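As written in Swiss-Prot, here are the features:
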- 54-84: repeat 'ANK 1' (REPEAT)
- 90-119: repeat 'ANK 2' (REPEAT)
- 191-220: repeat 'ANK 5' (REPEAT)
- 224-253: repeat 'ANK 6' (REPEAT)
- 309-329: transmembrane segment (TRANSMEM)
- 332-352: transmembrane segment (TRANSMEM)
- 361-381: transmembrane segment (TRANSMEM)
- 382-392: topological domain 'Lumenal' (TOPO_DOM)
- 393-413: transmembrane segment (TRANSMEM)
- 446-496: domain 'DHHC' (DOMAIN)
- 490-510: transmembrane segment (TRANSMEM)
- 511-543: topological domain 'Lumenal' (TOPO_DOM)
- 544-564: transmembrane segment (TRANSMEM)
Amino acid sequence: MSGQLNVAEDSVLLDDISISSIQPIVSDVPAAEDVGDEDHISGASIAENRPKDPTLVKYHAACQRGDLKTVKDMIEAGVIDVKADWDEEEQVSGLHWASANNRLNLVRYLIAQGADVNIKGGDLEATPLHWASKSGYVYIVHCLLEHGADPLITDRQGYNLLHTSTFSSEVMLITYVLFTGQIPVDSPDPTGKTALHWAAYQGDPNTVEALLKFDADVRVVDTGGFTPLHWATVKGHPHVLKALIEHGSDVFLKNNDGKNALMIAQEMNTQKALQNALYECGFNKDGFAIRKYFKNPMHAKMVTFFTPWLILGLILSFFAYFSILLAILGCLLTVLAAGYGLYNFVFPSFILMKRIVIFKTPLLAGILSGTIFWLLYVWLFKMLPATFDDEPILNLTVFALFAGVVFLLTKLLQSDPGYIVPATDHNQIRATIIELLRVGKYDSKHFCIHSWIRLPLRAKYKRFVHSVILRYDHYCPWIYNYIGFRNHKIFIYFILLLDLGILALAKLCLEYFDELKDHAKNKDALKCSILSKDLCAGFTYDPFTLFLLEWVCVQGMWILALSFVQFFECLKGVTEHEFAHWQRRNRGVVGREHVFNTAPEELMEEDPEEERNKLRSLGAAGQRHCCSTLTTATGFDRFLSVIGSSLGRQPRTTHNPINYPIETDYGWKQNLKDFWLTSDISAPMWRRILLPPVGTRGLLNGQEVDYQKLYNLPERVISIEEIV
């Protein structure tokens, strides 16, 4: 069984998993500033409790807490010999303790003084490289390897650097080790388990993904006949199971006990996870291929896109020509039948998810385009013939506006929001990693663990399309596409034309109803208790058009709210994604995304937000109401949030007494210029305003920047009001 990795962004929450190992490991000894003679270390020793050399105890404690001054004083005074700085029975050196506690400066100093980087110590006879890698300390591992540490050395259990790195579940370290190219990805331990076996057993999707990208063998078996899929089934992590199945794991392969993955899942109560993974890979619960009714996924998407055109026409007809009860019944039956057909016969051909997220299908885009289709239909065949003589300018305006809407919608559906192609050149990727290590920024905030590129500022990786998007704004299900640097301006023009088109069409529709009223044969029949005479004429003589107008006005409300949000964010020089992050930051709420970072303290830049993260609580972030899906789809959640911020109602928490400025806000005038003007100053002004940016270059604070290589923001002057 094999297939292409296609994980829906919203359904896969791998980014929610925190595998940070920034906290140092310490022994039993309290890490006091001054270690007295009575202190002792016993945490990682094979020796029993016994009196120890107080000088060695003090030295090891200093190595643990990174006290470089004390270590230097003891070595330079001759009290400690760095080439024999261990207890004879334990064999745990100062380099072991410094490595295990992420003390980079101390590690460098000890190596410079002649410490053996390959010395084995402790009950597992492990090297400093093993100690550092088990904690995920990539900077220490890099330093040790640069100074001659052997990655192929194994400890007493037979684990090499790749195995111990896998145990840490620190994906930044795993990626680094793989790109060194010094260890075969399928190197086994004494029981025949590879790193992929261990990662699968741990339920570590990020490590599994990295190993599979390096062509780790999914069919290799250990001494018990277990494949990585067998061990993944024991753990039951659905995303790990899915990745292994997609890369060719055989669900029917049996281990030495004669059990396949299906049997193990039943014994370990992980059947649901395995069945979900099988389904998302195109197989039923028994492991056999699901029938797909469309060989070409694009054909299935087209059916999904055009289905709302028909459904919308039927629903409007039901309400126009049947009683309210029959109309509601007809609508329910139509929607249920359409949903059943799409879910069972259409969706499986292009998206396989147990819980289909309609946002990730062209369905909502079909609703929007279907609405436009029926609007054009009633305008062309009903309103235009009846009103052109009296309202020729208004009719031409409606035609021009909706011609623009159709053109821009077609363009948006096919547009590139600013994708960055994932890196494939291993030498280039390796150089990027080394550079980030050099500057202390090798973490998932600056390096994409999925596409292996250095992440520019304002960019974001989206798993649904397996790409990083420049100046990412948001995902819009109504155009079935992401909004980013290259199509953001088109999107705003689109919603602006929609707003104007709805207003013009509503006015023309009222003129049309007025014509119906004037030409009515029996004007006494126009009796409506709550409607005006014009609307009453529409209800009496053309209810289809009246209900379509009502539907369009409802749509117009959220489009108007979306327009307000977009223009507000343009004024503030911020994207929707950045604005949401800024609000969470000011509320003191921890986001779902975690930065995988094991940089030593001496390399970490001061970031007050990281300190505040320790005090934050998810609190209100986890609260959701019954209409959350609806408000998210229509954008009203962002509208209400923007209204609150514009009125100065940004909440503050006990742990967050100040408001942080928006880093990309250079003043509303400059922000508007940066957004609306392309960076090509030689082009005519109308082209700079109307056309979207070409390539990856744009304006920021009036300066031309390459958004694909934007690693530092232009300087920004902070006003007194922002400081107070």
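Cβ atoms here come from the backbone N, Cα and C positions, even for glycine.
As the structure is a computational prediction, the values presented were derived from the model and not from experiment.
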Intrachain neighbours beyond the transmembrane segment (309-329), with Cβ under 8 angstroms and 6 or more residues off its ends: 335, 338, 366-367, 369-371, 373-374, 543-544, 546-548, 551
Candidate ranges 332-352, 361-381, 544-564 - greatest C-beta contact count to the transmembrane segment (393-413) (under 8 angstroms): 361-381
Tally of residues which DSSP labels helix, strand or coil - the repeat 'ANK 5' (191-220): 17 helix, 0 strand, 13 coil
Local confidence of the prediction over the domain 'DHHC' (446-496), expressed as mean pLDDT: 95
Close approaches to the topological domain 'Lumenal' (382-392) from elsewhere in its chain (Cβ under 8 angstroms; 6 or more beyond its ends): 508-509, 511-512, 515-516, 542, 545
Cβ contacts under 8 Å made by the topological domain 'Lumenal' (511-543) with residues that lie 6+ beyond its boundaries: 319-321, 382-383, 386-387, 390-391, 394, 549
